[in-house]
Amino acid sequence: MSPQTETKASVGFKAGVKDYKLTYYTPDYETKDTDILAAFRVTPQPGVPPEEAGAAVAAESSTGTWTTVWTDGLTSLDRYKGRCYHIETVVGEENQYIAYVAYPLDLFEEGSVTNMFTSIVGNVFGFKALRALRLEDLRIPPSYSKTFQGPPHGIQVERDKLNKYGRPLLGCTIKPKLGLSAKNYGRAVYECLRGGLDFTKDDENVNSQPFMRWRDRFLFCAEAIYKAQAETGEIKGHYLNATAGTCEEMIKRAVCARELGVPIVMHDYLTGGFTANTSLAHYCRDNGLLLHIHRAMHAVIDRQKNHGMHFRVLAKALRMSGGDHIHAGTVVGKLEGEREMTLGFVDLLRDDFIEKDRSRGIFFTQDWVSMPGVIPVASGGIHVWHMPALTEIFGDDSVLQFGGGTLGHPWGNAPGAVANRVALEACVQARNEGRDLAREGNEIIREASKWSPELAAACEVWKEIKFEFDPVDKLDK
């Protein structure tokens with residue numbers, strides 16, 4: 001044996017495999033204000049102790065690998081490793097635990113959601129020792145969140161740009177989502193905006209297809225916006241979807257929108273990716289564009305209760321990456337969303353400081369310091385009868401978006417927009433007068449419909465429409 005080999009052996013390196021919990025389970029650890037904290041829902045394989053499972057998550061999402069390596073001795077694992085510092089049993093679930101993991105801040109690149117997720121969820125979810133794994137929540141310390149720009153503008157700046165206060169904003173997704181020519185698409189936009197909506201929207205999969213190329217759509221929508229603004233005296237917008245196959249093409253589309261003078265563009269942030277989204281958010285702040293975010297593909301990641309990632313984590317990541325609006329479910333419409341859980345991540349989007357509240361699914365106190373807020377968008381299977389509940393649930397700082405609930409009106413798009421605007425104004429007035437929207441909502445809509453034939457027709461069409469299915473993802477009891 002050579003002297004060099006003898007020296008390496010003498011420093012204590014021992015090849016082989018050892019339990020993760022010996023290094024990465026540290027129940028005595030006191031978390032630091034600068035740590036990123038994660039709450040994982042862990043379902044170990046039979047025979048795997050929860051401490052070993054939690055430690056494996058901490059190891060595989062930070063410095064660990066499956067065997068001891070001699071290069072561990074070339075750095076300070078104690079400084080850089082993730083630590084599973086607490087484990088609790090999930091009441092009512094067999095062999096399921098919440099494992100809390102603390103990550104040192106130096107593990108992450110500044111201002112990069114991409115790097116943060118690559119570390120925390122990039123590899124560990126396929127680990128064989130775990131039957132299932134879900135990231136329930138993250139605590140982002142101010143020392144990390146301050147390295148992000150965040151939303152291009154935020155709630156107050158958007159209201160100032162639009163000169164609209166004291167009520168939710170109204171939107172509409174143009175339908176059919178695919179197949180319209182650019183000119184007919186622009187016509188639908190114009191009818192909705194002149195009827196009283198604040199915004200219309202490209203659907204998430206409207207990019208640049210053979211039936212309607214993006215530049216043609218942008219031009220006809222800009223024409224519709226200017227015409228509706230001239231007729232109504234209100235500032236209008238259409239979410240022009242800039243999502244594209246490359247970042248360069250995406251920015252080119254945003255540049256065109258800016259040159260047309262429109263107020264807002266749109267991005268599909270999960271399918272487009274966080275790097276592209278952050279790049280677009282920076283461009284939007286630099287060039288005065290609002291940024292609407294669609295969460296297409298989110299349910300692939302967040303719908304199952306025991307595996308994946310909860311939407312509250314995706315919402316926090318979006319606030320850091322940048323967006324002025326994001327779709328957040330409706331509670332009352334056709335898409336998944338339990339009320340208390342939805343309100344929990346709505347507050348995480350809008351508020352500066354959110355206290356830990358397990359009854360709403362919030363595992364950690366979150367302090368965003370001065371990062372601007374994001375407006376939640378309620379969209380999916382909603383109509384005029386839902387207006388009181390939506391106004392009561394989401395409050396003023398929200399966008400209520402009616403696609404079929406506008407374009408499905410028996411008299412056309414503009415009357416559909418009128419019906420929604422009248423219903424909203426009636427609900428806001430009733431609320432301001434002290435009436436209980438939750439209890440008196442239907443009566444408020446009926447009273448308003450006496451003075452609006454458009455609303456009366458909408459009420460008749462959708463009086464029997466309900467989406468009453470039990471949510472898949474519920475809060476733990």
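Including glycine, each Cβ sits where the backbone N, Cα and C put it.
Quick look at what Swiss-Prot annotates:
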{"type": "MOD_RES", "residues": "Pro3", "note": "N-acetylproline"}
{"type": "MOD_RES", "residues": "Lys14", "note": "N6,N6,N6-trimethyllysine"}
{"type": "BINDING", "residues": "Asn123, Thr173, Lys177, Arg295, His327, Ser379", "note": "substrate binding site"}
{"type": "ACT_SITE", "residues": "Lys175", "note": "active site, proton acceptor"}
{"type": "BINDING", "residues": "Lys201, Asp203, Glu204", "note": "Mg(2+) binding site"}
{"type": "MOD_RES", "residues": "Lys201", "note": "N6-carboxylysine"}
{"type": "ACT_SITE", "residues": "His294", "note": "active site, proton acceptor"}
{"type": "SITE", "residues": "Lys334", "note": "site 'Transition state stabilizer'"}
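All features noted in Swiss-Prot, drawn onto the structure.
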residue : record                       : CB count, 10 Å
Asn123  : substrate binding site       : 12
Thr173  : substrate binding site       : 24
Lys175  : active site, proton acceptor : 16
Lys177  : substrate binding site       : 14
Lys201  : Mg(2+) binding site          : 29
Asp203  : Mg(2+) binding site          : 19
Glu204  : Mg(2+) binding site          : 20
Arg295  : substrate binding site       : 23
His327  : substrate binding site       : 21
Ser379  : substrate binding site       : 25
Packing count at His294 (active site, proton acceptor) (other Cβ atoms within 10 Å of its Cβ): 28
Candidates Asp203, Glu204, His294, namely the recorded positions, that fall within 10 Å of Lys177 (substrate binding site) by Cα distance: Asp203, Glu204
Distance, Ser379 (substrate binding site) to Glu204 (Mg(2+) binding site) (CA atoms, angstrom): 12
Beyond the site residues Lys201, Asp203, Glu204: chain residues whose C-beta lies within 8 Å of the centroid, for Mg(2+): Thr173, Ile174, Lys177, Asp202, Asn205, Val206, Tyr239, Asn241, Met266, His294
Site extent for substrate, whole Å (max Cα pair distance, Asn123, Thr173, Lys177, Arg295, His327, Ser379): 36
Subset of recorded positions (Asn123, Thr173, His294, Arg295, His327, Ser379) lying within 10 A of Asp203 (Mg(2+) binding site), CA to CA, in sequence order: Thr173, His294
Reduced DSSP assignment, His294 (active site, proton acceptor): strand
Structural state of Glu204 (Mg(2+) binding site), classified by DSSP into three states: coil
Alpha-carbon distance [Lys201 (Mg(2+) binding site); Lys175 (active site, proton acceptor)] in Å: 10
10 Å Cα neighbourhood of Lys201 (Mg(2+) binding site): matching binding-site residues from Asn123, Thr173, His327: Thr173
